[in-house]
Each structure stands twice: as C-alpha cells, then as structure tokens.
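Okay, structure first, notes after.
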Amino acid sequence: MPFWGGAGDCSSCVAVMLELARGISQWAHGFKHAVIFLFNTGEEEGLNGAHSFITQHPWSKSIRLAIDLEAMGIGGKSGIFQAGPDPWPIETFAAVAKYPSGQIIAQDIFSSGAIKSATDFQVYREVAGLSGLDFAYADNTAVYHTKNDKLELLKLGSLQHLGENMLAFLLKIAASSHLPKVNTMVEEDNKGQSTAVYFDILGTYMVVYRQHFANMLHKSVIAQSLLIWTTSLLMGGYPAAISLALSCFSVILMWIFALSFSVLAAFIIPLISSSPVPYVANPWLVVGLFAAPALLGALTGQYLGYLILHTHLSNVYTKKKQISPVIQADLIKSEAERWLYKSGSLQWLILLILGTYYKIGSSYLALFWLVPPAFAYGFLEATLTPARFPKPLKLATLLIGLAVPILISAGGFIRLAGTIIGTVVRLDRNPGGTPDWLGNVIVATYVAAVMCLTLVYLLSYIHLPGAKKSIVLSTCLLFGLSLAVVSLGIIPPFTKDTSRAVNVVHVVDMTRSFDEKQDPRSYVSLFSSTPGKLTKEVEQINEGFRCGRDKVVDLVTFSVKYSCWTFDDTDNGWSESDVPTMHVDSDTHGDERITRVLIDTKGSTRWTLAINADEIEDFTFKDAGSSEELVLVGDMSSVDGWHIMQFSGGKNAPTRFDLTLFWMKNSTRLDHKVEGKREEGTPLLKLRTDMDIVTPKVDRVLSKLPPWCSQFGKSTSPHTFAFLSNLPVNF
C-alpha cells in the first residue's frame, strides 16, 4: 500500500546498517569473525526473508550470533526487548555500549504471548538455534504501519543512539574469540539458569546478571524476610497476627477501590467522548482520566483499612492501663500507620516469591521495591517512640526507601505506558469485534496497578497529617477537568501525525452459498482497528456509506465485525477478467478421499488462502505452470481451525496453482454444523486476492478521508482492492 515510507519500520534500521557497514569497513582491524549485514524482505509476510536465509543460504551455516533491528514505533531509544538464550551477547553489549537501553520486562511481556507478533529474531533463535539481541524503537507507537511513519517524525538522535551502541558492540564481538555456540536452546532447557536478567538505569548504565544468581539473591532476601516476619509475629503474638491480617486487608481494599474507580472511568469515557480512546494523541490525559481516580480509589481503600486497623489497635491498647490516654491515642495512630507501611513490603514480598518461583526476569523490580523501603523502615521508623517527633524521620524514610526503586523502575513504567497507549489505535484484531471500552480498561488497569504497587508506602503516611482533604479535592478537580476537556472535544483524540488506523478496501465478493451460485457484490468497505464507531468519518467523507455490525467481511486472515459499506459507483475500476477461480479438477473416493483443485488468481500475485482444517488433514501445493512443489505433504499446523497460506510474489510470480487436498478419514464431508467449532455453511476453501488498484470510488474516499485518519497496513491486511471467493464443502 503506497501510503507511507516506513521511516521507523524499518528504513531507520536499513540506514543504521548501511552506516555501520561503512564504519566496520574502516575499523575492521584484528577481526576474528566476519560481520554479515542481511537486508531481507518478507518479515511482514511471515518472517519469510529470514527463514529463507537461515534454511537455504550457504553462509547461514557459519553464523554464530544474530542481531535483529526492528521498530514498533518511530524514534526514542532503540532498546533490547529480547536477548539470549546465551547471556554472553547481552553481557558484552552492556559492557561496551555507550548508551545501553533495554528492559527484561519487555522480554517477559513479549515471550508471554501478550503481543501477537514476531520478529526475524524468532527465526534466528528457534530455527537456527542462535543467540543474540533484538532491538526496537517503541516511542510514538501509534504511527506504526501507517502513513505517519514518516521521516519528519524520526529524530536523528534515535539513529545516532542505535548506531553508536551497535558500532561499539560489533567491533567488540567481531574481535572476540568467545562467541556462543550454536544450538544454545539446549542450554536453556536447564530451567533457564544461564539466562540473563538485564535492565538499564536512565539509559547510561546497564545491569546484567545471570538467572542462577538472581535465584540465589531472591531466595536469600525471601528467607530473611520470612524470618523477620515470623519472629515479629511470634513476639507480637495474637494481636500482631490480627494486625498483619488487617493491614493486608487494607492492601486488598486499596487494589479493589483503585481498580474500580479507574475502570469505572474507562466505562464513562466512551459515553461522553466522540472517541472511546480520546487520549492517544495526548497521552498525558491518562494522568487525569485514569491516574486521578486510581489515586482516589487507592487512598479511599487504604483509609478504610486504616480505620478498621485503628479500631482493632484501640481495643488492644485499652487493656494497657499504664499508658496515659493522650500518649495512647498517638501510639495507636502511629502503630496503625506502621502496619500500613509494612503491608506494602509484604505485597512486594509476595510478588518476589511468585516471580522467583516462575523464574520471571522482571521480578528484580519486586526486589528493589522490597529491600530499600524495608531497610529505611528498620533503620529509622522502627526506632520511633512517643517522645520523638516523627515527621522528619517519616520524610527521611520515604526519601531513603523510595529513591532507589523509583530510579530503577520509573522510566520503564512510563515507557510501557506509552507503548500500551499507542497500541490501542490497532487494538482490535477483528475490527469491531471487541467492545469500545476494552482499550480503556487495559490502560486503566495498568495505571491502577502501577499506582497501587508504587504508592503503597507513600499513601500509608497520608492518613495522619491533614493532607487528605487537599489531595482528594485536587484529585477530583483534575479528574473533572479531564472529563470536561474530553467531552467538549477541546483536545482532539487524534491528529494528523497521531491518527486513527483505518482501512479502505474495494471488495468484490464472489463467495457463494452451498446450493446456488451468487453474482458478485461490489462495494467499498471502510473499517478501523481502533475502537469506536466511524460516524464522524462517514459524515465528512459523504460517499453513501452505511455502518453497522451487519456489515461483516471475512478477509480470510481476519474478520471485520463492524464496518461501513457503500455500493454507490463501485462497478467501475475493475474487470471481471481478474476474478479468481477455483475449479475442482478431480475428486476420488477410496480408502481416503483426495480432491484436486485448480486455482487461478488471475492478475494477483499477492493472495491468502485458507483451508478448512476440520475437513482437510494434509495437502500439497504446486505451481501449475512448472509443477514446482511449493508446499509439500507434511504435518500441517492450523490457526483457529484453518490451514492458512500467504503468498506475495513479484511481477513474474505464478498465478495458476494445483492444490491437492487429503481429507480427514473421519471427515463430515457434509454440510452441517460441527458443534462448538463451525457454523453451518463453513466453506472448504477461502481465497482473498489483493490487487494494487485504486478505483475511482476508492480514490474519492481516500481524498476525503479526514486528516486524523490514516491507512493501516500489515501483511494480513488487504490492498485497496480485494476479491473474495470460496469453495463450499459440498462442491
């Protein structure tokens, strides 16, 4: 789709690699290894370029280390978001990089499957068994794969940052005689003991240590913490156990109220705003829309817990007749405050135990949020007596206890928030298939979780001073102003540079039912992967669009659940000679059923074919002209019940294919509903052919597209013209 230049993804990578190649050629003194620069295509079409190099190129056998340059945004620091499995590359990078950037929390999120995408590094690691590093820009994620991924938004400092780090790294490893062995995936099976934990501090220094050291360190801290807690409870007896339980209950209330208030705001926003995600172009709005109610909820929940704990401690201290009532009242308040503070450390201790048990690399965050605050409390707060003035020591406790964890984690939390916010512009894999509030709930939940985790110590010191009222009033005011700004449209949800992701596709639908041949339907479909209806966009375009959830389009790789269609003037700009055909050449029934289908994609050299995995066990796929085997018989994998093939060729790519289908031995072979998996009328084959054609109707729609909208492109998305066809099970 010719609407963007791909400055971030990934012209920036190519530019850096070219400059690195020039620099390496001048600095290559004493190298023990060659440096290969691989400029490959096909990454968006299923990592085909990297896979072809690793499996077919003779140089691939000599590779010892793989480095992948990627982008899921434009600008900012190019940080490491995947490393390993051998720790040597990340350790070396940390030692020589001038401005090291990388957080293992990004690797944990990526490897968890929360991000439904992959990079070429997956091929290098899983197919070739190589260790290495995977870099990516992540700032301004909203422009990813849109026309706004343009050179004007790419900062030269970002290129310089990546280039200087990579040049120092390449010069070091090329001269090293200690490159990791190939097939290090075997070493990773040793419960991840040799993998690395890594994080940077303000982009100037990177901390790296092995997982086995992390396990020992974490277990040591856990053992000491449990010993201290056990001793404390044994000395305090039953009242201390009850106080601990009630302080933990205050943490639970804090989470419940913070999440409830923040998520409630997430449901309110779509009701008062023209867009369900009005903060994409101005991420700072999240502070008022979600952080403010989360803070208010956390303070409310913890204060309720404080009142309950205070009542319990009052009952305990009333039995101590030797203490004067005035001193006793102060003691009760101070003791309740201390228990709230200690419950915060217990919260992080539980997270550290879970992270250590499951060997989560980013559990180092729990370590830093546990040890310094606990040390500060033990060093200062635990020494308080009624005779000593507590306020200076409270301030010192917070400064000493929170300085290190904030320094370590604040940057990562903020960058992750920016990435999540930018991602909601393409949240919906099947456009219109998720509720409008879903993106808000994800952002709100993340913000509330960060608030509860990081403010638990600070909030415990707010209940005694007279600051609660001013905090509550200012928080409510901030939330109210943010809602007013959003509801009145003072700040637009999208801008020309940070736009809403949409697709405009001229569709010719040749799909047919099982009992009749259907004439083609030609229409232009407008849909968006960003939550929210397209009412404003359709009004401005004014080309006869009608929107609704009845405008469903099955584009093979995904389904559009909500879109806008127009049939006006859609018969022009395309030819019936380009309509793809699927012809059943033979269908034999014996011990097993084998069907041969001839497919002609006509003028399209970019297409997607889905084969019903409930009916078809295996298949072969040939170029009908040369009889070259493109897909061999083998163990075919499926996604959501479909074997899916994507093809993207050049000008001389084949367009006629021979598909041989091997049916399941227990195949239904009939038109009926397969309970729990298929709806009645599910076809045997689904085909979408993409044409790089802009019809007159599409041209007018694109010219009238509002400036806050931008075409969103990916390998699974169609071009601006697509034919849809199918073959029924009962052909």
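Using the three backbone atoms N, Cα and C, a Cβ is placed for every residue, glycine included.
Check TrEMBL against the ranges 16-36, 226-246 and you find transmembrane segment recorded for 226-246. The listed stretches are 396-417, 437-459, 471-491; of these, 437-459 has the most Cβ pairs under 8 Å to the transmembrane segment (253-272). Sequence-distant contacts of the transmembrane segment (437-459) (same chain, at least 6 residues past either end, Cβ-Cβ under 8 Å): 251, 254-255, 258-259, 261-263, 265-267, 269-270, 276-277, 279, 286, 290-291, 294-295, 297-299, 302, 340-341, 343-345, 347-348, 369, 373, 398, 401-402, 405-406, 409, 413, 416-417, 420-421, 424, 427, 531.
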